[in-house]
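Reviewing the structure listed below.
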Amino acid sequence: MPDQTNTDAEAAPAGRCPIIELSGAHKHFGDYHALRGIDLSVGAGEFFSLLGPSGCGKTTLLRTIAGFEALGAGRLVIGGRDMAGVPPNRRPTNMVFQSYAIFPHLDVGQNVGFGLRRSEGSRAQKAVRIGEALEMVGLAGYERRGAQALSGGQRQRVALARALILRPDVLLLDEPLSALDKKLREQMQAELRRLQRQVGITFVLVTHDQEEALIMSDRVAVMFEGRIAQLAGPQELYRHPASRRVAEFIGMMNFLPVIATGDTLEIAGLGRVPRAGLRSAAPDGQGPPEAGIRPEMFSILYPGEQTGRRTAQGTVRETAFYGDMTYYEVILDGTERPVTISMKNMPGRMILSPGTQARIAWDAESVTLFSAAW
Amino acid sequence: MSGLRLYALVYLAFLYAPIALLPIFAFNDGTVIAFPLDGFTLRWFRELPQTPALVASVRTSLWIAGSTALLSTVLGLCAARAGTMARFGGRDAMMGLIMLPLVLPEIIVAVALLVVLLALGLPLTGWTVIAGHTLICLPFSTAILGSAFRALDPALEEAGIDLGLGRAAVFLRVTLPLLMPGIIASLLITFTISLDEFIIAFFLTGTEPTLPVYLWGQLRFPQKIPVVMALGTILLVISVVLITLAEIARRRAAARATGIDSGA
Ligand SMILES: Nc1ncnc2c1ncn2[C@@H]1O[C@H](COP(=O)(O)OP(=O)(O)OP(=O)(O)O)[C@@H](O)[C@H]1O
Ligand SMILES: [Mg+2]
């Protein structure tokens, strides 16, 4: 397997000094190799996400940073200090657990103030800080509420306040939104982002939801089987996936066989394009190449519409109306597998019904060449 | 009524009807344990405190049961913690060994302990009874506390550590309060077991008999039997109350540790 990691992106982004530096990290659980050589650097104040399918090692990596799992090999530096042998309670990190881990025998105020030390001011001073922390997460005045009587969203806010009140250098969040329903999740995504900008603390978020990672993060590390497959900003990740697997995981992508190779390629259903203008994801020479193109990079032309773009012909097989968007499944002439095309619904634009002939516009710039084997 | 239900009722009647006889004859104004009844009296209950040997045996039983409850709950706490949270070689064997007295006939445990104690030359006192009772109570406290530990979300302890506390502080401020209902259940159950236990107490007791041992001795004197029944009635009520409290505590432990809102 080739190393497809974008090495440039491993360094913390320009203008930010690194707060977390992880190099050559390995972790075994018995015979199972959970982390297989992780290198990454997170910048201070960055919103960083670990994205990947279930079981790829996201939680393990997060717990390694928190100190709940010891590294088998490799080096972890947080804020310039080597973390080898430093227990979780002495690390400048705090964690929001997936289950929130709200102490059920304490009320909200006691939960939020749990980590404040006796030395950190008088009872009254602490009460003020607890009040401020609760206000920050939108739970002002909830001090005396019992932990048992909270809704899922409120528990999550208490967990956030309980960690943020300690002003850690790094806040680690393990799928904090996965237990919430869709509406609340979207609301909390925006709120988390706002909170992170407000406090300026580095957030490391674990998620298996690619949309969530794209919306919230400055940078995203896509993980498969204990390795980082690509580490990049959301736009780079979406537009220039490093491998077919990343492309399939982030958003939707159509893959078309490339029939003839050489200086001029022929893409099934789309026609001939000069090789020179196309971007390649993986190195050549590993099985038959395929052309990848996102659904929104196609457009279906009005009958008789003029365009300077490349065109192709096809037949609509399936139409799915989403309100703001319509998704079409179109069989391009000369192919068998349909491609997905998404069109914004605009005034005057007709929704095509299945069976309609369609002229489709596309550009060579939006094509990425992939090797079928990754 | 279906046959199975009838069978169940008859079964329960056979099981518990004899116990109902206890209070009936405790309030019966006559020394002969036979129907018809002779009329209501509180005489036997009044006679209870006027029997010094009986009062002494009650006192012995109470402190033996109290010590046993404390000892087996503390040991059970350690065993349950190791059994549910730690990973080490021989763990299953250790848990099996702790549970063994549950299936061993008590008479065998009692005789074996007696032989060992005599071989070691140790005198038989209240402490030897406590040791024996702790042995047979440990499976119960370990099982009760084990289920309390299993119901505990491990993330709660991790959250305590993550928030800056040491292991000991987390145990005191997080684990112990959450386990408290389980601990209370364990204390009550083991106290009750020790209070009622006869065989081990009979073999290992020294010059101070426990209450069951004293009662057994009194059965030889027919005129004392109504007093014994009065005492038995009191013990019955205490046992039922303690076991009920223990069950309530155990259920609260389960609800609390999982964060399930059972009441409010
Ligand atoms: N304590 C452990 N003992 C043994 N195996 C473990 C342990 N923790 C994790 N693993 C294994 O390591 C792999 C990665 O687990 P991890 O929890 O990091 O995955 P994840 O990416 O967080 O997945 P999910 O999205 O399902 O939470 C899994 O195959 C898991 O079974
Ligand atoms: Mg996970």
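Cβ atoms here come from the backbone N, Cα and C positions, even for glycine.
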- Range annotated as transmembrane segment in TrEMBL, from B:126-149, B:174-197: B:126-149
- Query: Other than its close neighbours in sequence, what residues sit by the transmembrane segment (B:94-120), given a CB gap under 8 Å and a spacing of at least six beyond its ends?
  - Reply: 79, 82-83, 128, 131-132, 135-136, 138-139, 142-143, 197, 199-200, 202-204
- Query: For the transmembrane segment (B:7-27), which partner among B:62-82, B:126-149, B:225-246 gives the most CB pairs under 8 Å?
  - Reply: B:225-246
- Sort out the residues at least 6 away from either end of the transmembrane segment (B:225-246), same chain, that have Cβ-Cβ distances under 8 Å to it, and list them. 19, 22-23, 25-26, 28, 30-31, 33, 43-45, 47-48, 51, 54, 184-186, 188-189, 191-192, 195-196, 211, 215, 218-219
